[in-house]
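Engineer: Take a look at this one; I'll ask things after.
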Amino acid sequence: MAAESGHFRLRCELRGHEEDVRGICICGDSGIATGSRDKTVRFWSVDESEKRSYVLRKTMVGHSSFVGPLAWIPPSEHLPEGGLLSGGMDTLVIAWDLSTAQANQTLKGHQLQVTGVTLDDHGDILSSSIDCTVKRWRNGHVVESWQAHQAPIQAILKLPSGEIATGSTDQTLKIWRGSTCVHTFLGHTDTVRGLAVMPNLGILSASHDGCVRLWALSGETLLEMVGHSSIVYSVAAHSSGVVASGSEDRFAKLWRDAACFQSIEHPGCVWDVKFLPNGDLVTACSDGVIRMWTTDHERMAGPAEVEAFEAQLSSYKCNTKMVGGVKVSDLPGLEALQQPGSKNGQTKIVREGDSGVAYSWNMAEYKWDKIGEVVDGPDGSQGRKTLDGVPYDHVFDVDIGDGEPIRRLPYNRGDNPYYVAEQWLLKEGLPLTYREQVVEFILKNTGQSNVPLDNSFVDPYTGASAYVPGQTSPLMPSLTQKYSFKHIPKRGMLFFDMAQYDGILRKIAEFNSTLASDEGQRILSLNDGELLRVNAVVAVLKDSSHYHASTFADIDLNIVVKLLSSWPTQMLFPVLDFVKMMVLHPHGANLFIQIVQSGNDILMETIRRVSVVPALSSNQLTSIRLVVNCFKHSCFRTWLQSHRDEIIDLFSECCSSSNKNVQLSYSTLLLNYAVLLIESKDEEGQLQVLSAVMEMGEAQEKDVDIRFRALVAIGSLMHDGLVKQQAVQLDVESIAASAKASKEIKIAEVGADIEHLIRTI
């Protein structure tokens, strides 16, 4: 039965691991593999005697620490039953032969924990790590390695296009062609922890911010799924459109069209979720059990198994549920009510099942009156924040100044601030002489005063007293709670990397035929050999996973130059669309810039030609997107800078175009220019971009994405500081206020970001 046929019910439990199950891998139709904190990888397949159950077939031992990510290697001549890839805390990637359950490759190269493994279309192994790198392995050796993020990478995913996606602690998701970043997706407010393909739509991401997002491949957020109360570790999708997510909050949630239609509670953290091809759900739990869930009545577990699971759940909840800071399991039972109260109104909380129930002593009737169930947050953590998997009453983002990174300071009400400060300073490697300032920071930001404190301290290394409050000590740099910007400053560029190649080739062939049939213009047409070369270039462009190795012939560029320089203006749009994709290719970009440097600036000449009023909308769209894609490679930066004034001026009428795609392309151009000019500290250029983008940012009738990109450009320019005062003079305050009042969440968020910048002036 399809996944959407109804709610999911327990199918079976897979028991064998001795500790948390951290990762799941669907091994084609043959079974599933799991990785665990117990250092093993295990393979399970259908029990032939009981089709709804799975049994353990193989156990693979080789890691020296816990195993997390897994990937399937399809069967081949060398691996008749297929194989597995596993990544571990021990920094190793191991390739396993499933037929023997033995390692046939152990890949050493990462410096820290391996967080993701995958296999590309050509058989290369790709791995990601906490060390911030992605590595490409071939025949047991690293053939390519690059720093993909400035912070630990938490996930890696191969896309159907052959490109690679990575998610990081830096809150971003990046798309890679080879080792070239072609997109950076911004939107999450905390670590991007898990990734999955959403068939025919885009990419799903799970985050520590508690949300799941669905992204278009262009980088726009299509849907946001909000419902978890803690870190979301994993996400998966089925071809039916159902999405699953697993979280620290002990729930696997099922979503359809961003609405949660079912929450499946577990007796522990849900580390991973995956869908079987038939739509059944597999979950990995911190209790060491893998569970399968189904909507097919024929595969559902019997009453005894369901009852056993519910008993596990009840026991877990009872053992962990808190009432008034006390575990329910530690409360006295009903027998405690046999003891009379000492005064009228005295209250007593006793355990009834897995709940705490309050009773009040009635002195007149000499009995305990039931008040009702005592309600507390799950695990005593209602409204609490989580850091490193531990819930706290407060988790502060702390800026200590001097260019230091933001630190996270956790604190629970009732803790001794001096002890918390000492432990935090030791953990962060900061001088203990800063303790008094940290204590003052905690008291100020938790609303505490007149708190009796134990301020004694003994150095954990020497046993000596290192600090006494009131002593003269060096002052810590400014210690403030950091405002957390949602969308600014913008990092990285946006590009238009999608193309209808068949349509481009068809239109070029059509126009070429028209020219060839006109005796006066026949000389402008391409011959059969040149048309074949155009098709060959398209073949190279389609194979984006090999951009790092593929090249073009000199004749290919000569043909493109011929088309740009000689074809009639009304026929140029498919050629511009073609060139738009060529400049994304590293070799294509280099070839074009070489021509420009030789004195033939064919790109700028073409832009001028197609911008003559009245410009065709199709030419505007393709030419502006061509320029946007020029931001992809650094070799174009000087060209973009030198022509900045003219380019923005030529495209300025796009702001009022009736074509929304043209407007979106123009706002993207301005956003990319903002990022470039911020990097180069070009105040004059920043001011030109600011002036151009303000009009788009203040127009409430603009499409959401058009306005959003314009606002991000404004905020990023202000964040850099060079044109902040000029923005205020241009009445950015009213733009920010209007945006903040928007019903569109991301518009309101970036409006709040800009408003915060205004307050800091």
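Just so it is clear, glycine is given a Cβ too, placed from its N, Cα and C backbone atoms.
The structure displayed is predicted, hence computed values, not measured ones.
Pasting the feature list from TrEMBL:
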type   : residues : note
REPEAT : 14-54    : repeat 'WD'
REPEAT : 60-106   : repeat 'WD'
REPEAT : 185-225  : repeat 'WD'
REPEAT : 225-255  : repeat 'WD'
DOMAIN : 360-456  : domain 'PFU'
DOMAIN : 486-757  : domain 'PUL'
Engineer: Taking all residues of the repeat 'WD' (225-255) together, what is their mean pLDDT?
Structural biologist: 93
Engineer: Could you pull out which residues elsewhere in the chain have a CB under 8 Å from any CB of the repeat 'WD' (225-255), counting only those six or more residues past its ends?
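Structural biologist: 2-4, 8, 193-199, 204-208, 210-214, 261-275, 279, 281, 283-284, 293, 378, 386, 389, 391.
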Engineer: Near the repeat 'WD' (14-54), which same-chain residues lie under 8 Å Cβ to Cβ, leaving out any that are not at least 6 residues past its ends?
Structural biologist: 60-72, 74-75, 81-82, 84, 86, 88, 94, 96, 98, 101, 268-269, 271-277, 282-292, 294, 298-301
Engineer: As a quick check of your reading of DSSP, tell me how many residues in the repeat 'WD' (225-255) are helical, how many are strand and how many are coil.
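Structural biologist: Helix/strand/coil tally for the repeat 'WD' (225-255): 0 helix, 18 strand, 13 coil.
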Engineer: Counting by DSSP, what is the helix, strand and coil composition of the repeat 'WD' (14-54)?
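Structural biologist: Tallied per class, the repeat 'WD' (14-54) gives 0 helix, 28 strand, 13 coil.
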Engineer: With helix taken as DSSP H, G or I, strand as E or B and everything else coil, how many residues of the repeat 'WD' (60-106) land in each class?
Structural biologist: 0 helix, 26 strand, 21 coil
